Amino acid sequence: MKKEQDDVYTMDGTVDCRGHPANRQETGKWFLSSNSNISSCGESKTVNQGLATLAFFGVGVNLVLFLTRVLGENNADAANAVSKWTGTVYIFSLVGAFLSDAYWGRFKTCAIFQIIFVMGLASLSLSTYLFLLRPKGCGDRITPCGKHSNMEKGLFYLSIYLVALGYGGYQPNIATFGADQFDEDYQKESHAKVAFFSYFYLAMNLGSLFSNTLLGYFEDEGMWALGFWASAASAFLALVLFLARTPKYRHFKATGNPLSRLSQVLIAAIRKWRTDMPEGEGLYEAEEKECSTEGSRKLLHSEGFKFLDKAAYIKSGDFYNQEQGLRNPWRLCPITQVEEVKCILRLLPIWLCTIIYSVVFTQMASLFVEQGAAMKTTVSNFRIPAASMSSFDILSVVVFVFFYRRVLDPLMSRLRKTESGGLTELHRMGIGLIIAVMAMVSAGIVECYRLKYAIKDCPHCKAPNPSTLSIFWQIPQYVFIGASEVFMYVGQLEFFNAQAPDGLKSFGSALCMTSISLGNYVSSLIVSIVMKISTEDHMPGWIPGNLNKGHLDRFYFLLAALTTIDFVVYILCARSYKRIKMEGKSGEEHGQISYDV
């Protein structure tokens, strides 16, 4: 009888839009299934992500050019404004994750922030068309735009920060909400859930490819209003597609303020820090009714961080009314609540190890472009923009997603004789770090040869003279970065989604975004330190304005060395990591993970 119920209803605690247990046949999953009644929830999330990414990067890819050409800002101020705007996106991702996990739930949060996203893009398009592009046709490489009033500039900045708020708040939730459509406790769906993250990241890159090429071309030619309207239309289409599947979605209930839950555990444990606690005895288990009200599955007790277990140790005075079960939440916490804190503490070392990878990843949008601009960029009479080489990164992501899903994963499953997949998330993240080292070594070798073939007929030029080495020699480093993304970022999305408690799933996805954000800041810090040290004694430094006078190759090799060290630390963290244990899950599935390298 129970097996029949498992085939009808999901086992992970998800509910439908009416709050009833989710029917497996009528909600969630992929459209590409043998059962024609299954909705296209999985596909709608991947297409939604592709359209939203297209819309966002349709604004972000050339924002610095818009600020200089249309608003008349200088290069330094424009670059600073874009950096602040990009950083704000990641800050808003934490806001969206908090609201989703605590109060609104993922569906409501995604819907609200997508509406804000569309409003911001529509406002940006209107203000650009009506007020900013004056005289008509300005904003290209030739025709400058006139001066703008403070109100017109204020409307522009309000619009782009609405875009940042909408996209940032939506981004960490859509991946988690898409994963919610697959029951990880049901074997047939758990495999599809793993595949979802790969195709989700693929859709994001395809959207970025379209915005970086077609929309980027229109905007570079001065057709800013057309590019922004296209972005607004893409975001609106994504919103319509998202709302169209509303009756078919599966939902996890919001679990309340996670900050108060985490604080309660810490304070309760500190209050009992002198208490002698018997080994594994007297720990408070939440009633089934209490757990279901919070909308999350129970977490089983795990070893480690024993000090926190004291928060669940029952003492006199922990209850307001013990007969009625009314406990003081600041003196006594259920094991599930304690385990939530343990889960976050176990995730932090792994997360910290991903920041150095993000430092490597950010070089693609900065130093790779500067390096390419100092190489031979012409083929016959056609000039190749250095920034367009990032297309090879996106193509690499497309190829390696399918290579991993169709070739490597089945092969490793047969070699390891497992049905749950060939490589764990931690294995893949480690492989991503190794490939990142290869990318930096490749970039360093290319730079050595670029310097060897550099034209040295203008030693006093501020800008680097072109090298006779073709820009196409950069292809390997872009391909390596794309391959590393498939292993690192897709594995990271899967890992944080699987290992975060039900009440903190969106927070887990937000960790991925904050890793990229911190990678930008750490990269800037490393560059500042390197330039301060390397410019002593009036030396030009490793990364001067004229790269022919510097040693960018040494900087790349430095990043390769730092990533290698990071990989060693990562292995130590991965070997000691203990997976989350939920009620109803086998110890084999959620016990300590081995990391055989």
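Cβ atoms are placed via backbone N, Cα and C, with glycine included.
Automated prediction, rather than curation, is the source of TrEMBL annotations.
As annotated by TrEMBL, transmembrane segment applies to 51-72, 84-105, 111-132, 196-218, 224-244, 347-369, 389-408, 429-446, 511-535, 555-573.
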For this session: Give me the stretch from 51-72, 224-244, 389-408, 429-446, 555-573 with the greatest number of Cβ pairs under 8 Å to the transmembrane segment (347-369).
Result: 555-573
For this session: Taking the transmembrane segment (111-132) as the first stretch and the transmembrane segment (224-244) as the second, find out whether 3 or more Cβ pairs fall under 8 Å, excluding pairs closer than 6 in sequence.
Result: yes
Problem set entry | Two-stretch contact, the transmembrane segment (84-105) and the transmembrane segment (224-244), at least three Cβ pairs under 8 Å | no
For this session: Please check if the transmembrane segment (51-72) comes into contact with the transmembrane segment (224-244), where contact means 3 or more CB pairs closer than 8 Å and the residues in each pair are separated by 6 or more positions.
Result: yes
For this session: Quick one: find which recorded stretch in 196-218, 224-244, 555-573 has the most Cβ pairs under 8 Å with the transmembrane segment (511-535).
Result: 555-573
Problem set entry | Same-chain residue ranges lying at least 6 outside the transmembrane segment (555-573) that approach it to Cβ under 8 Å | 349-350, 353, 356-357, 359-360, 363, 367, 429-430, 433-434, 436-437, 440-441, 443-444, 447, 526-527, 530, 542-543, 595, 597
For this session: Mind checking which residues of the chain, 6+ beyond the ends of the transmembrane segment (224-244), have their Cβ under 8 Å from one of its Cβ atoms?
Result: 44, 47-48, 51-52, 54-56, 58-59, 62, 66, 70, 110-111, 114-115, 117-118, 121-122, 124-125, 128-129, 132-133, 139, 211, 215-216, 218
